[in-house]
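Worksheet: the structure to be examined is printed underneath.
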Amino acid sequence: MDDQYKNDHQNFVSGNDGSTFFETCFILTLMPISVLFQRVVFATFFNNDKFPLPLALRFILEFFFIIVPFISAITFTELTPFLIVGMLITCLVVPMFAQKNVTIYFKNPKETLLNLNSMRKGFLEEYRAFVMAATCICILAVDFQVFPRRLGKTETYGISLMDIGVGSVVLSGALVSRQSRSSLIEKQQKKKREEEEDDNDKINKTSSSSSSSSSALKQQQQQVLSRSSLMWHQVKAQAPLMILGFVRMILTKSINYQEHVSEYGLHWNFFFTLGFVSISLAFLKFNANISAILGVVLICVYQFLLNSFGLTDYILNHPRDNLISMNKEGICSFVGYLAIYLIGTKIGTELFKVRSSLTEWRKFATKLLISSIVFYILWILCEIYIDKTSRRMANLGYVLAILSINLFNFSINILITLITGNHNASVIAKSINRNQLFIFLLGNILTGLINFSMKTIYAPVEQSMIIITSYTFALCLLAFILDYKNINIKFW
């Protein structure tokens with residue numbers, strides 16, 4: 001990459017003050033609304049058990065019903081309200097013209113409840129997959145002029161779509177962490193042990209006693225083993241992220257690729273943040289309640305240091321004269337992301353909690369919505385009295401914004417599951433979830449290749465839209481093929 005274009009590109013993505021809280025929330029709401037739209041259309045026109053929709057055709061239709069509207073919303077933002085209103089009206093009107101009665105509301109309450117309480121939750125799969133899809137789309141789209149500058153990552157203060165995307169990726173990882181699922185895992189293991197003991201008891205009471213003692217001893221040994229090897233397990237599990245972080249760092253330096261230094265620093269990148277956040281959890285093995293409290297204390301202390309001990313001035317103005325100061329943004333913002341992860345484990349525990357009725361799930365969705373509003377009010381108070389929101393520092397305002405917007409999206413996703421009675425994730429969501437890390441890595445590689453093959457910031461609108469849509473389709477298609485072939489891509 002020649003130096004002149006590199007400087008032009010860096011200037012192109014720099015100096016952004018961001019968008020508004022509501023515009024960001026509005027755009028992100030489009031994904032779950034698109035899922036509702038897709039389900040209603042499928043239930044109306046493709047609800048035939050004798051002639052089920054071919055999987056390949058389903059994938060293509062889902063891409064146009066769910067992914068394409070999001071691409072349109074982030075490139076032509078003025079279309080967003082029309083897309084949302086149009087989809088909602090369609091959901092109300094289209095079933096009226098169906099040849100047979102379409103039952104959308106509570107189609108199968110028992111089955112819906114069973115699957116809402118299962119380990120694999122469709123609404124959570126869709127949330128995580130679409131966070132990743134949105135992230136992959138935006139990391140390329142931001143390099144084109146068709147992508148509004150206000151949606152790109154902010155320079156220092158402000159809030160934007162891409163700012164929220166970064167924190168949402170961290171939060172989505174926390175939601176499905178072992179710590180979040182621990183209570184459900186323990187219940188399943190306990191139930192399995194009880195069933196085994198009952199079976200043994202039927203065979204022989206004596207052997208049952210022996211087996212029970214053996215089982216207890218084995219469990220105790222496994223517990224000791226898990227504690228002693230947790231750190232090594234976490235390091236091994238996060239090794240791919242750390243390796244990718246080093247590979248990205250080396251490549252960007254060696255090929256003179258454009259960098260936004262104020263984002264994470266001179267050497268740090270988002271792969272390091274994700275890896276270190278997960279590894280840190282090995283030292284902080286608490287239950288979800290304590291983790292949430294620790295997360296709150298951590299972000300409050302961090303904000304106090306930013307305001308009262310000159311940490312803000314250090315991050316924004318201190319010269320990059322040693323390894324730590326060269327990467328001050330990445331190192332300091334790590335604290336904010338860790339707080340998001342710790343609080344996220346508590347949210348995940350609530351999501352995985354077994355509920356006895358759909359009414360309880362409706363109450364839970366309402367509780368999430370109210371919590372979202374509370375965090376929004378706290379965010380406003382933080383903006384006025386404490387500090388402006390900053391992704392660069394991952395401060396208190398940033399954490400509150402991440403929690404507010406994501407809890408709002410969770411509540412919508414759960415309500416859509418309750419309304420449609422459809423508990424299965426879409427084909428695209430299921431496919432992306434199988435190989436999330438690989439899709440994210442591939443998205444980064446393709447983004448780099450596209451930036452090297454053309455001067456993206458000078459591309460006309462038509463060419464930009466074709467490239468962004470084709471790139472997204474290629475990622476989704478590969479994810480779909482890997483899932484169809486039952487292939488998991490791992491590097492360890």
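Backbone N, Cα and C atoms are what each Cβ position is placed from, and that goes for glycine too.
According to Swiss-Prot, the listed position annotated as N-linked glycosylation site out of ASN204, ASN451 is ASN204. In Swiss-Prot, the feature N-linked glycosylation site is assigned, of ASN101, ASN289, to ASN289; the remaining candidates carry no such note in the record.
Checking the candidates ASN409, ASN424 against Swiss-Prot, the annotation N-linked glycosylation site falls on ASN424. Touching of the transmembrane segment (464-484) and the transmembrane segment (59-79) is concluded from the presence of at least three CB pairs under 8 A, sequence neighbours closer than 6 excluded. Stretch with the largest number of CB pairs closer than 8 A to the transmembrane segment (127-147), among 26-46, 264-284, 290-310: 26-46. Remote same-chain residues near the transmembrane segment (264-284) are listed as 166, 169-170, 173, 177, 179, 230-231, 233-235, 237-238, 241-242, 244-245, 248-249, 291, 294, 320, 323, 326-331, 333-334, 337-338, 341-342 (criterion: CB distance under 8 Å, separation of at least six residues from the stretch ends).
Neighbours of ASN289 (N-linked glycosylation site), defined as other CB atoms within 10 A of its CB across all chains, total 11. Sequence-distant residue pairs (6 or more apart) of the transmembrane segment (331-351) and the transmembrane segment (399-419) include at least 3 whose Cβ atoms are under 8 Å, placing the two stretches in contact. Most Cβ pairs under 8 Å with the transmembrane segment (364-384) belong to 399-419, among the candidate stretches 26-46, 156-176, 399-419. Long-range contacts of the transmembrane segment (399-419) within the same chain: residues 21, 24-25, 28-29, 31-33, 35-36, 39, 104-106, 112, 116, 122-124, 126-127, 159, 163-164, 167-168, 171, 299, 336, 339-340, 343, 347, 351, 358, 361-362, 364-366, 368-369, 371-373, 375-376, 378-379, 382, 389, each at least 6 residues beyond the stretch ends and with a Cβ under 8 Å from a Cβ of the stretch.
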